[in-house]
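Straight from TrEMBL, the features:
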TRANSMEM  B:12-35  transmembrane segment
TRANSMEM  B:42-59  transmembrane segment
TRANSMEM  B:65-90  transmembrane segment
TRANSMEM  B:102-125  transmembrane segment
TRANSMEM  B:145-167  transmembrane segment
TRANSMEM  B:188-214  transmembrane segment
TRANSMEM  B:234-256  transmembrane segment
TRANSMEM  B:263-284  transmembrane segment
Amino acid sequence: MTLRRLLTVVVALVLLVYPFVVNSFWLVQIGGRTLGFGTIVLSLVFLTAYTGMLSLAQMTVAGVAGYATAYFTAPTGGVGLELAWPVALILALGLATLAGLLIGLVAVRTRGIYTLMITLAVAMAFYYLTLQNYAVFNGFTGFNNVEPPVIAGLDLGAPLPFYYLSAVLAVLCYAGVRHVVRTPFGLALQGLRDEPQRLQALGYNVPLLRVLAFGLAGFVAGIGGILNLWLNASISPGSVALNPVIDVLMAGVLGGIGHPAGAYVGAFVFTIVDNFAIDFIARERFNTLIGLVFLAIVLFSPDGLTGLVRRAWARWAGTGRRRDDAPDDSTNIGK
Amino acid sequence: MEALLDINWRLFAIVTLNGLTLASLYFIVASGFSLIFGLMRVVNMAHGSLYLLGAYIGFEVSEATGSWLLGIAAAAVVVGAAGAALQVSILSWMQGQDLRQALATIGVSIVAADLMLAQWGGSAYQITLPGAVSSFVPVPVAGRYAMARLMLIGFALVIGIGLWLMLNRTRVGMLIRAGVDDRRMLEALGVNVPLVFVGVFAIGAGLAGVAGVIGGSVLSVSPGEDARYLLSSLIVVIVGGMGSIPGAAIGALLVAMAETYGLAYTPTYGIVYTFAIMVAVLAVRPQGLLGRAA
């Protein structure tokens, strides 16, 4: 327990001090991206770890929030409706939550691999919709020059404020997820992950719980989506295409989809590989590299890097507490 | 007024025929996908990559030899072998862990897409059809229609009937059906089930490869097609029912028709109809129209 507290303090210190030891590229492109993208991954990990549903539509929900924010704050090519930023952000998060709920409604009667397939179909349908539709999504071009608001003279788009904004939101989301899973609602979710029938027999409304979990994940993904939008300053169908949709899954699996911390670990590793793949492999072959890394993780350590570390730690530290009999989170997902 | 009605009917006929050709293509791709799932419970997320690989191989071989049929044969064999290799080298190690298998095939599809992009670049290819079918034939109402597209419909019928005969009238088909129903019992009877698995994977992958060549001849080949045909296979089998070949046929017909009519009459919302069909089916029959309850 003390170790966990120590770890929390260390992470908090690193997050605070980080901007003062790195240059602006590392601050925004690595730090900011890890925190924003990681929050989208967090929504996937939350769903997977605590409800057993592996959704591939979390980038889509993030895209809904991103598109909504862009639509209401940065009209492009005559598409959009400029609103005050607080209204725009509330609308964006509301729509993301709604999108999460609707996807949950579509996927609610499915389990495991079917959830994966149906959420992927939803994600791809949304991608083709953004590509085909000009009235709302401005087609292939999407929205450009989306800037974060300036609040009381503080430009949230500047590197340092943007980093801290991302860090605060990421910490809030992480803490929120950790808190929710300890509430009666979160415990019920874990119950339905393990024994849906038993939970049903106890009088819980299992489909409703599942849909609500998707809604909450939609809200978290929406926050990540808005951060991601501001980081890129633009959004287009390419932001919700198959590749980014799979990227979220890959980051989650890399970090370990059994624990929320895995989300940010995975997002960090993914961002690092994304940015520096060029240096140790031929240009543009990033996908081959990350694909092979992903495959290796799936083959050899299904609970990801955090699982790897946890097991190494248990072996190194633990004669006292053997974890061999502990349930293996990742192999049971969706069963 | 009469002329207007005339044109509309002609457009309608052409759109319908286009829908039928697309349905044929979707059926050939999705039947392989469904076959693999039906027996092994593997959702092969690399199925689109197999389609694309087949298209590229068909292109190379038919360009080199000048024979379209050789291109088809080469694609069927090479892609079938690739599918068998995928099953032997990766998937057989995690038999029964369906989610992990799906993740592994996602990894494979990412690597495959990237390597194919490196090899064949980003441009679109068109596979040259044999002269005999690259003509137009008169069709009632629609006027003229491409022979190749009509041939595609025939091709899908042949494959569908062939698959049905194989599954219902041959010993191999009997083994496959027995494996779907009770894999352990089949194993206990002395059948080499892993070998049946590899064989079915090869057939399913080979179908994707063949579809790639046909799709690349009638439409075109370019990066990104893998995602498109993976998506169509997913929706087709979700609608039709996982593991059912007649289900794949019905699903392909519904999805392709919705997509084609949607694109023709309401271009900016074309995908919505496909999606609406999927949601409607899921709401009423989560296991798909012809699927068996899990």
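Yeah, the Cβs are placed from backbone N, Cα and C, and that goes for glycine too.
TrEMBL labels come from automatic prediction, so no person has curated them.
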Point to revise | Cβ pairs under 8 Å between the transmembrane segment (B:234-256) and the transmembrane segment (B:145-167), at least three | key: yes
Exercise for review: With Cβ distances under 8 Å as the criterion, find the stretch in B:42-59, B:145-167, B:188-214 that has the most pairs with the transmembrane segment (B:102-125).
Suggested key: B:42-59
Exercise for review: Residue list, the transmembrane segment (B:42-59) vs rest of chain: Cβ under 8 Å, 6 or more residues beyond ends.
Suggested key: 29, 32-33, 36, 71-72, 74-76, 78-79, 82-83, 86, 91, 98, 101-102, 105-106, 108-109, 112-113, 116, 119-120, 125, 127, 201, 204-205, 208-213, 215-217, 221, 223, 225-231, 233
